[in-house]
Amino acid sequence: MSDEENCEWERNYSEENSESQYESVLDEEDHGSFEETSSGDGNLSNPRQDEEPPEREFLQEFGYRKLCDVTYPPLEDVDIAHTIRRQTEFFPRKPQLPDYIPFTTSPQKPPVHALAWRESGVLCGKFSDCQRSHLGSQLLPENPKRLIDQRQSRAYIGQFSRDGSLFVAAFQDKRICIYDAENGFCLRKHVTARNLRWTVTDTCLSPDQNLLIYATINSSIHVVNVGCRADGIYSVANVTDIHEEMRLGEEHEFGVWSARWSPDGKELVAGTTDSSLVVYDVGAAKTFATVYGHEDDINAVAYLDDSPNLIVTGSDDSNCKVWDRRNLRRSAGALLGHTEGVTFISGKGDGRHFISNAKDQTIKLWDLRKMSPANQHNMERQPINLPLFHWDYRWMDYPGKGFDIRHPFDTSLFTYRGHSVLQTLVRCYFSPGYTGQKYIYTGSANGTIICFSIATGEQVFQLQGPEDVVRDCSWNPNYPQLVGVSWDGTIREWSH
């Protein structure tokens, strides 16, 4: 099962009465029909279980170590470590020095000293890209600034546009708000979602930022135009604005958890509740391909660079798979390492590295060159010595909390811990380019936003927001401004 919103979704409905059953279940506000749960009435407002689960006794008995007894060495002789080092060095490395220098030996240059050197001519009158990244990585959005907006509904989406000029927020009550981030977050566009089922599960701006798609728990994606302030805030669909439905499936009903524009703006990809990856041709207004490559819901889809050919999916079967758009007959390979369902995937933009968030309460850093071939993945996908927990992350705590549970075929580069992935599909991202992408940051079910150092895994900062789930957050691509959205309906800003 994929998300709290999925508590209102009945997977095994019969075709002849699917629509009526679907609607009757979704009308329930707090009580849902839970699949594969042994107890509980589905009331998500109940307190979380405090008693010690029996699985923890099992983990201790069979020798699983506690996390407090485990240390992870920092990233050293790997590609991404060299890249971060090169991109954030203030002075170029001397030729006689080795290619790898431990991160601890690279002291940060105070910005005041750097400015003095530049003005005195030491730096030829300007900063290099690496020097700008070195200084930018020190300007962290750690200080609470203001409450941007508050609605009487849970906020599920909060994202800056690629150029930082817009901020998109989506709420459970059908509202999608587009703010002008360059003018005090004044409301630029208000969209009322159509055919909403439970909530807006995802949004995505087109590469030219003229169109916005949004998805919900049905088999359609809607597209609206962003427009300009002169067009008015409230749209009149199909009269003054575009607000069209793109139907992904005709033969049966499913829900969409994740949707993305292709980098060239010609296609959409979507991860669905029926374990399929859907590729939709926007120009032809029809589904190009539907691929079944996972054994459970696909919660996350992402492109890894500016090419429309490289796609990664993350599923509740705990696996990440790589797809080549030019050959979708089967996946190009799999990346094994998570022990619970994947909730989100974010690419670094270099076509090689990405991070994934998962219900095993970890973020993992991946390199595509370490993926397992598809045939090898089929043999390794059910390791016999991996504990299988029967739990529901929407209303239970993770049974393996505090234990070092590793996948025996883990190919990830690094694992980050300290946040909480419960109740909903919590998201994570790389920090912007001006920081040298030196950090990753994530929302958390405990109401915080946590930033990690990619190289060491240490927490760089933790932002305390409301005492409610922070599902999504976004770091401005141009300067140290971070905005998070919460289930208490707030949009909050932190800055340097």
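Every residue gets a Cβ built from N, Cα and C, even glycine.
Heads up, TrEMBL stuff is auto-annotated, nobody curated it.
Bear in mind that the values here come from a model prediction, so they are computed numbers and not experimental data.
Per TrEMBL, the features are as follows:
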COMPBIAS  35-47  compositional bias 'Polar residues'
REGION    1-55  region 'Disordered'
REPEAT    249-290  repeat 'WD'
REPEAT    291-324  repeat 'WD'
REPEAT    335-376  repeat 'WD'
REPEAT    463-496  repeat 'WD'
Same-chain residue ranges lying at least 6 outside the repeat 'WD' (249-290) that approach it to Cβ under 8 Å: 2-3, 6, 9, 11, 15, 18-19, 22, 197, 201-202, 204-208, 213-221, 296-303, 305-308, 311, 313-315, 323, 325, 328, 344, 425
For the repeat 'WD' (463-496), mean pLDDT (0 to 100): 95
Helix, strand and coil totals (DSSP H, G, I; E, B; other) for the repeat 'WD' (463-496): 0 helix, 20 strand, 14 coil
